[in-house]
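Participant: First, the structure itself, so that you have it in front of you.
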Amino acid sequence: MAGGGIASIGVNKERAENYNGKLTLYVIIACIVAAVGGSLFGYDIGISGGVTSMDEFLRRFFYSVYLKKQHVHEDNYCKYNNQVLAAFTSSLYMAGLVASLLASPITRNHGRRASIICGGISFFLGAVLNAAAINLGMLLFGRIMLGVGIGFGNQAVPLYLSEMAPAHLRGCLNMMFQLATTLGIFTANMINYGTSKLHPWGWRLSLGLAAAPAFVMTVGGMLLPETPNSLIEQGNKTKGRRVLEKIRGTENVDAEFEDMVDASELACLVKHPFRNILKRRNRPQLIMAILMPTFQILTGINIILFYAPVLFQSMGFKRAASLYSSALTGAVLASSTLVSMATVDRWGRRILLITGGIQMIICQVIVAIILGLKFGSDKELSRGYSIVVVVFICLFVAAFGYSWGPLGWTVPSEIFPLETRSAGQSITVTVNLFFTFAIAQSFLSLLCVMRFGIFLFFSGWIAVMTIFIYLFLPETKGVPIEEMMRLWEKHWFWKKIVLEDQQAKNTNGLNHA
């Protein structure tokens, strides 16, 4: 058959039709506990913006920003522009970037649980350091430890969820990571709203409470079962089959088990997964692993989530009102993720990404127009226009919550073959954290320079990514994780790359013969 040589890279197509099993309580509990790792990421995103708008925190660590904030005639767009303050937020993501690369061999050689546990311990230590910080150095070191925890957690948790879930429910269960992230953001926003009234130590409580989900993640990681894919890859086939039977609720798992064994045997032949992922046959997955997280950040969502209180204060909201508005956006994000979980395995990934992209473009453009016409350097928005801005920001957040938020993690975690899966996830996390770092570090300066144009900047990127999804992402709904390679063979564009590579190898083999 055409491209027959490439079938060895995937699995036996007939087996996938014979997969058995159901959604068991065992899988649900394991996925819920593992997904707590997402709440670490979300809690930090939500807590950072709120803490950096608290006067006591600014007065202790960023006094120049505190003084600038008090100047009522200061340029609204520039009052928070400070690179050291931005470093408080962004340092975590640079640390996470490095940690995700270190986590890849641990995740592959020692299992997904090992990385989950390492991430939990590191995040716990970072939370304690931040809560007890007495100077800027201690504060930033705590942020770095938090970043290490996020790097390990974001590397391992999406893989864990993808491998534990049955194929027909993989999208929904994988989105538990994003749901936990959004709940972490919402929880952080509500905590900030409460601790902002606790003078002068409320910010310490906000930062210290990050230890709670970290503790749950660490203990949960110790109690969770390893995924059958990882056990088989480590050579423990008997235990791998036993876990597979338990999570599928049946002993009739021959087809899925044989696919895992085949994938594991191929994976064992690959000694250098990062080198292997650069080969032509893996080009589609590599491009998705780079562009999906890049596009996810270039939606501009992080300017809302990181700096929501700061952003709303810049628009003229009072401190309590700005924290309340950011809590509202957190609630919208969490609820919209539930919509995605309910529809992703029925409607598919592509339709959610495309419709979400269109909705985000419309919302960003409307907000930019309102700010451009009604908001200036030295004036505040009227109450009516402020409400309109919050409404459209919430609609933007809702669109992100059912599309690029969860699917920016789900799609990359499910498209790689076993031999490059941990390396591919490391690339996804690294790229995500790099752009998260870049946006976090530069946003306050960009807001000062671009003003309302910052929203048009991000809407332009959303238009690009929506077109990209329409043209280049095949639908992965319901496709077994070990059979993903076949999607690229059939895609109008990627098949030219994948099949030509295999044909070239076959030709070279005949010539040598």
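FYI, residue positions are counted from 1 along the chain as it appears here.
Using N, Cα and C of the backbone, Cβ positions are placed for all residues, glycine too.
Sharing the record's features from TrEMBL:
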DOMAIN    30-477  domain 'Major facilitator superfamily (MFS) profile'
TRANSMEM  23-43  transmembrane segment
TRANSMEM  84-102  transmembrane segment
TRANSMEM  114-134  transmembrane segment
TRANSMEM  140-161  transmembrane segment
TRANSMEM  173-191  transmembrane segment
TRANSMEM  203-224  transmembrane segment
TRANSMEM  286-308  transmembrane segment
TRANSMEM  351-373  transmembrane segment
TRANSMEM  385-405  transmembrane segment
TRANSMEM  426-446  transmembrane segment
TRANSMEM  452-473  transmembrane segment
Participant: Verify whether three or more Cβ pairs under 8 angstroms connect the transmembrane segment (140-161) with the transmembrane segment (23-43), leaving out any pair fewer than 6 apart in sequence.
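Facilitator: Yes, these stretches are in contact.
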Participant: Tell me if the transmembrane segment (286-308) touches the transmembrane segment (385-405). I count contact as 3 or more CB pairs below 8 A, with pairs 6 or more residues apart.
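Facilitator: Answer yes, regions in contact.
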Participant: Select the range from 140-161, 203-224, 351-373, 452-473 that forms the most Cβ-Cβ pairs under 8 Å with the transmembrane segment (114-134).
Facilitator: 140-161
Participant: If we skip the immediate neighbours and take only residues 6+ beyond the ends of the transmembrane segment (140-161), which ones have a Cβ under 8 Å from one of its Cβ atoms?
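Facilitator: Long-range Cβ neighbours of the transmembrane segment (140-161): 31, 34-35, 37-38, 40-41, 44, 87-88, 91-104, 106-107, 112-116, 118-130, 133, 173-174, 176-177, 207, 210, 214, 217, 224, 227, 409-410, 412-413, 421-422, 425-426, 429, 432-433.
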Participant: What residues elsewhere in the chain lie close to the transmembrane segment (84-102), defined as a C-beta under 8 angstroms and at least 6 residues from its ends?
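Facilitator: For the transmembrane segment (84-102), the list is 44, 48-49, 52, 58, 61-62, 65, 122, 136, 139-140, 143-152, 154-155, 306, 426, 429-430, 433-434, 436-438, 440-445.
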